[in-house]
Amino acid sequence: MFASRFDPSQLTAPAASAPEGIVGTTPPAIVPLKRQATESDNEEYGSHQDSDESSNSSSEEDEDRMQVDYGASEEDSSEVEEEESKPSTHSTVLSRFKQTVSLQERLGASDIAESKEDEGIEDEAASTHQLKQIPQPEFVKNPMNLNTNSLQFKSTGWLNTEKIYYDNSLIKPFSDYANELEAKLLQNICKNFSTNTFPIQSIILDSILPVLNFTLNVSKRNFTRRIGDILVNAATGSGKTLAYSIPIVQTLFKRQINRLRCIIIVPTKLLINQVYTTLTKLTQGTSLIVSIAKLENSLKDEHKKLSNLEPDILITTPGRLVDHLNMKSINLKNLKFLIIDEADRLLNQSFQGWCPKLMSHLKTDKLDTLPGNVIKMIFSATLTTNTEKLNGLNLYKPKLFLKQTDKLYQLPNKLNEFNINIPTAKSVYKPLILLYSICQFMAHSPIAAKILIFVKSNESSIRLSKLLQLICESRSQSSVLKNLQNLAVSINSVNSNNSKAENKKIVANFSHHSESAGITILITTDIMSRGIDINDITQVINYDPPMSSQQYVHRVGRTARANELGSAYNLLVGRGERTFFDDLNKDLDRDGKSVQPLELDFTLLESDSELYTSSLESLKNYHNNTAQA
């Protein structure tokens, strides 16, 4: 009924009855360096099966077998025999283990390695017979069919989501959409923005406009369900704002009565102003009303304004939106579009619980409470892949727009990146090396430079900006800073020690600075890595490395915007930061390009060292005087 168990003691039986004509030879000694789990299990089973036999006889058989297999000495065998004289169900396993350990102690590691290599060489020679393996072509993977990093979502909810891919070749003239767009809207686009689309604009307009126009002509009530919700992962500076603004203005172009039909939620006040400027240019010559709500304005005044004149489009931050919902300044009864820009940042922060509050009002304010009553458009350069965070938005038939790549994030197409590797011994001179690096790429650039430098903290921003100012004041004494002597250099810092008005003025001056030959430097933290649309930043420098690939994408995305050239420089100190940066690269798509090393001569003369030391002393005195004041 049951299969008989395996008895290792019977393994010697076939050897006794060898076929005739074959001369019996003693098998070569084999040293088992690593016991296999299956072997010990079989031996354990065998010891259980022979439990009714005397333990002494089994020990003697096992001892004889070990002497043949392993060539053990009499001294080792006697030790094992004494140990196995005690009856035990695991005597076989224990004796083999002790025998193996004793043999390994007597054999050197080099002998064991050489024996393994010799065996491997003999096996290879016997098996290959000087035959070479036929070369095989490299396996070609289709990115369209890959479950890549960007598609390795944290929930199976993404598996049934419609995915729409695009690439950098998808550029069209806006005139191709003459039959889909209102004539006045098309005129405003070509006049104020561009005559050609960006790839993300092309794919969204191709996917939405035909269905949108057809559905509006049939039934304005249910057009939101025909479109469904939209999620877009696109690089910074790729034209996302215009991509979602055009369908909104096209839909509301012929509206008769002003009602709140679109809410655009952004994370910062600076981004509010940029989106407002874009929509104002798009709606020129129309009766559409575009309003903003932000913390700088009086909440009471905004409440009065929104109650008296209901806008068609409202641009706000999540916290301010909650304030107006609580005060009943706005009603979502007629809402058709909900836009969430920089979605990953908004969804990672609660902002007074804005998301549950907004979804609750959509259920109570709207007469149509069925799913899909509002088109939700989610945009980000680093769109979250965590469906748990997106679940709170109650998405309806979402379409996910992705660049055709096997990476998690994509960088601007015209971005050039360089790594400046600083030896650990020279890290104390890092600010001086920063200025020297600027001298190097300014020597090959006849145009004015507008440089944005990212540091890790507010304190670092204040300290570095003042130190660079002190060094530049005495740059004539330095040999490495000779290229800066004839250039106007302006260095400022955006930090929390400044008032809001001061920071706003500094950013405005940096944005509108247009020296024909000079350097404008703005030092900041990651607060300016998002929502700053300054198209003529020539260089971004990561003085301190970012904490993640997501943060890196937003930093370097401040340059090479709107299909313009831009450069990013990474100052990496020692092997640790270089290794960390290599890990970041695994998530980034550069469209076939790579990060280039920038070789610099870090030899400093005595005059340079003295200049740096005196600047540090001046910085110390400055901070002491500031603290006393």
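Numbers here mean position along the shown chain, with the first residue as 1.
In case you wondered, yes, glycine gets a Cβ from its N, Cα and C as well.
Since we're looking at a predicted model, the values are computed, not measured.
Summarising the annotation, Swiss-Prot assigns region 'Disordered' to 1-129.
The annotation compositional bias 'Acidic residues' is assigned in Swiss-Prot to 72-84 (among others).
Residues or ranges marked as phosphoserine by Swiss-Prot: Ser73 (among others).
Annotation comment: Swiss-Prot describes Ser77 (among others) as phosphoserine, evidence class a large-scale study or a structure entry.
The phosphoserine annotation in Swiss-Prot covers Ser78 (among others).
Annotation source Swiss-Prot lists compositional bias 'Polar residues' at 88-103.
Annotated compositional bias 'Acidic residues' per Swiss-Prot: 116-125 (among others), in sequence order.
Through the fold, the motif 'Q motif' (197-205) approaches residues 164, 166-174, 177, 180, 230, 232, 234, 238-240, 242-244, 246-247, 401, 403, 563 of its own chain, all at least 6 residues removed from its boundaries and within a Cβ separation under 8 Å. Annotated motif 'Q motif' per Swiss-Prot: 197-205, in sequence order.
Per Swiss-Prot, domain 'Helicase ATP-binding' is recorded for 221-401.
According to Swiss-Prot, the ATP binding site annotation covers Ala234, Ala235, Thr236, Gly237, Ser238, Gly239, Lys240, Thr241. All protein chains shown were included, and the count of other CB atoms within 10 Å of the CB of Thr236 (ATP binding site) stands at 28.
The motif 'DEAD box' annotation in Swiss-Prot covers 341-344. According to DSSP, the secondary structure content of the motif 'DEAD box' (341-344) in residues is 2 helix, 0 strand, 2 coil.
The domain 'Helicase C-terminal' feature in Swiss-Prot is assigned to 437-603.
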Discussion item. Taking every protein chain in this structure into account, which of the binding-site residues Ala234, Ala235 has the most other Cβ atoms within 10 Å of its Cβ?
Written reply: Ala235
Worksheet item: Can you tell me the three-state DSSP label for Ala235 (ATP binding site)?
Response: coil
Discussion item. As a quick check of your reading of DSSP, tell me how many residues in the motif 'Q motif' (197-205) are helical, how many are strand and how many are coil.
Written reply: 7 helix, 0 strand, 2 coil
Item to complete: Measuring CB to CB from Thr241 (ATP binding site), give everything in the same chain under 8 Å that is also at least six residues away in sequence.
Response: Gln274, Val275, Thr278, Asp341
Worksheet, complete the sentence: Counting across all protein chains, other CB atoms within 10 angstroms of the CB of Gly239 (ATP binding site) number 22
Practice prompt. Give, as a single whole number between 0 and 100, the mean pLDDT over the domain 'Helicase ATP-binding' (221-401).
Written response: 91
